[in-house]
């Protein structure tokens, strides 16, 4: 079985930075650390409201990443222009609502086929690989195939947020069946949204999966796992100042 790739989403490094309007923590530095730790790619979502990642972040990351850049974006003229200028390795087209905390569902490709087809064609002409963030639904997979996109990313939110084991198993089976169906149609299959250290194993075990994009859980774990060293370093500096 081929190696499963990990795309690390660093949006919430920028969320923490922007909460205080400081230049730190720096998403570019975080991307470097993630790459050194084994990340196969870095994912960022340039939202229309710029609530975390900024245009400047995107441009610097494109110049400095040693792996691959996956730019998540809404299907708007502004974002298409930015993508065609910056030329990330991948663009993942996602739905976007300004009032949402995070992306709440998959892109309705079938319901806006012409718009998605045109976006995929435009990005492809700029030599950017395109992925469509969709729910585990055969109708959406068929629409993704028709669009000309090479990749889909299956939205795993319903699986991750399932209130009980029975519901989670049902959602897992939907993802499994969708992955099998999509792979048979010639699509490369990624997945992401809500994946954590506690629920990732069944998804990672699916042979059709090419890459998982995970962010919030990794950044949350990093805050806790790195807290001991961070506190100790600050205390050491304070002691040094009094010597």
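Cβ coordinates are placed from backbone N, Cα and C, and glycine is handled just like the others.
Residues or ranges marked as 3-amino-2-oxopropyl phosphate binding site by Swiss-Prot: 9, 20, 194, 215, 216. Taken from Swiss-Prot, the feature 1-deoxy-D-xylulose 5-phosphate binding site applies to 11, 12, 47, 52, 102. Annotation comment: Swiss-Prot describes 45, 72 as active site, proton acceptor, evidence class sequence analysis. Marked as site 'Transition state stabilizer' by Swiss-Prot: 153. The active site, proton donor annotation in Swiss-Prot covers 193.
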Open item on the list: If I take the Cα of residue 12 (1-deoxy-D-xylulose 5-phosphate binding site) as reference, which of the recorded positions 45, 72, 153, 216 has the closest Cα?
Closed with: 216
TODO: Using DSSP with the three-state reduction, classify residue 20 (3-amino-2-oxopropyl phosphate binding site) as helix, strand or coil.
DONE: helix
Task: Candidate nearest residue 45 (active site, proton acceptor) in space, where candidates are the recorded positions 11, 72, 153, 216 and distance is Cα-Cα - done: 72
Task: Nearest recorded site to residue 20 (3-amino-2-oxopropyl phosphate binding site) by CA-CA distance, among recorded positions 11, 47, 52, 153 - done: 52
Open item on the list: Let me make sure I understand the span of the 3-amino-2-oxopropyl phosphate site: among 9, 20, 194, 215, 216, what is the greatest distance between any two Cα atoms, in Å?
Closed with: 25
Open item on the list: In the three-state scheme derived from DSSP, which category covers residue 216 (3-amino-2-oxopropyl phosphate binding site)?
Closed with: helix
- [ ] Work through the binding-site residues one by one (194, 215) and point out the residue whose CB has the fewest other CB atoms within 10 angstroms.
- [x] 194
TODO: Pop the Cα-Cα gap between residue 9 (3-amino-2-oxopropyl phosphate binding site) and residue 72 (active site, proton acceptor) into the table, whole Å please.
DONE: 10
Task: DSSP-derived structure type at residue 52 (1-deoxy-D-xylulose 5-phosphate binding site), helix or strand or else coil - done: coil
Task: Close recorded positions near residue 11 (1-deoxy-D-xylulose 5-phosphate binding site), where close means Cα within 10 Å, chosen from 153, 193, 194, 215, 216 - done: 215, 216
- [ ] Could you measure between residue 52 (1-deoxy-D-xylulose 5-phosphate binding site) and residue 215 (3-amino-2-oxopropyl phosphate binding site) for me? Cα positions, answer in whole angstrom.
- [x] 13
Task: Fewest-neighbour residue among recorded positions, criterion Cβ within 10 Å, set 72, 153 - done: 72
Task: Candidate with the highest Cβ count within 10 Å, taken from the recorded positions 20, 47, 193 - done: 193
Task: From 47, 153, 193: recorded positions whose CA lies within 10 A of residue 216 (3-amino-2-oxopropyl phosphate binding site) - done: 193
